[in-house]
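Look at TrEMBL and you will find 12-34, 46-67, 73-91, 137-158, 178-199, 211-236, 256-276 tagged as transmembrane segment.
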Amino acid sequence: SLSAGLDLPGRFLFATLTLMTLIAILVFIEEAVYIYRKIPSSKRSIIIWINAAAPVISTTACIGMWVPRSTMFTDFTAGIFFAIVIHKFLMMMIKECGGQKVLLRRFENGHFTITTGPCCCCCLCLPRVPITRQTLFWLKLGTFQIAVFRPVLVFLSIVLWTNGNYVLYDASPKGPALWINCFIGALTLFALWAVGIMFRKVRILLKCKNIIPKFALYQFIVILNQLQTTIINIFATQKIIPCAPPLSSTARGSYIAQQLLIMEMFLITVISRMVYRRKYHDLEPPECVAEEPGDKQQTP
């Protein structure tokens, strides 16, 4: 087994990372109980979902660290969960504004700026889009699609893997892994774009609710779980990360990614508890709130 092949420093590292994962789970459970008791029911489940992202990713990384053969399943589980969290974060911003109807009243004459990352940050010629029920629907659809299609694509990957056609780190154009991962990447970019458009509009209005630190934590999870892991896996596939018998380059890269994720998600779990646990006052009625500069202000 893996633990039998570890030396004393390796066992100490594994034990420490496992303890960090358990602490992160306990911190989340305590925070979930607090949210359930103190937060209104309309926001309760959304905030619990968002707070669960870091401990769930830490748990899947810990399982993948101890059981190397489960890496594909743990990575897929973390990816599916975070796809749902992306949609939940967009819905949280709408809820914090008072809901869809109140948001439309607050920004009745406003516009969405769609020249934002990660898709169109360089396309400065794109027009601003009026804030209407239809544009809100398209933004929600932009995040909902990743929550629906990513589990379907993961299921397809597992079916192909059981048939021997899917290899997790295969970057060959002839294999299905490259095309499925590229399609998932494109869907993820569109979902992140929708969240970015909404955040850019409401960040000033929701500044009193610490939306900027909350968005920063969400962005860190995106970067660490998606980008960091992808870069390490590419380095391992290209043999830039050397093998260390009995571990191959890909197995060693997977271990490095999982161990980094456990430490990083532990820190994010602790910070999220401080950010989301604060008590925030409700926003003023729409008639008393002016829109951000650049939009026509509403008259009382």
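Even glycines carry a Cβ here, placed using N, Cα and C.
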Please indicate, using numbers and ranges, the residues of the same chain that are 6 or more beyond the transmembrane segment (137-158) and have a C-beta under 8 Å from a C-beta there.
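Beyond its ends, the transmembrane segment (137-158) has Cβ neighbours at 72-73, 76, 79-80, 83-84, 86-87, 89-91, 94, 112, 166, 176-177, 180, 183-184, 187-188, 190-191, 193-195, 197-198.
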Given pairs 6 or more apart, does the transmembrane segment (211-236) have at least three Cβ pairs under 8 Å with the transmembrane segment (12-34)?
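No, since the transmembrane segment (211-236) and the transmembrane segment (12-34) share fewer than 3 Cβ pairs closer than 8 Å, they do not count as touching.
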Under a criterion of three or more Cβ pairs within a distance under 8 Å and sequence separation of at least 6, are the transmembrane segment (46-67) and the transmembrane segment (178-199) in contact?
no
Same-chain Cβ contacts of the transmembrane segment (178-199) under 8 Å, 6 or more residues past its ends?
79, 83, 86-87, 89-90, 93-94, 112-114, 116-120, 138-140, 142-143, 145-146, 149-150, 153, 156-157, 166, 170-172, 211, 215, 218, 222, 226
May I ask for the residues of the chain that lie six or more residues beyond the transmembrane segment (256-276) and have a Cβ under 8 Å from a Cβ within it?
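That would be 13, 17, 20-21, 23-24, 27-28, 30-31, 35, 47, 50-51, 54-55, 57-58, 61-62, 64-65, 71, 210, 213-214, 217, 220-221, 224-225, 228-229, 232-233, 241.
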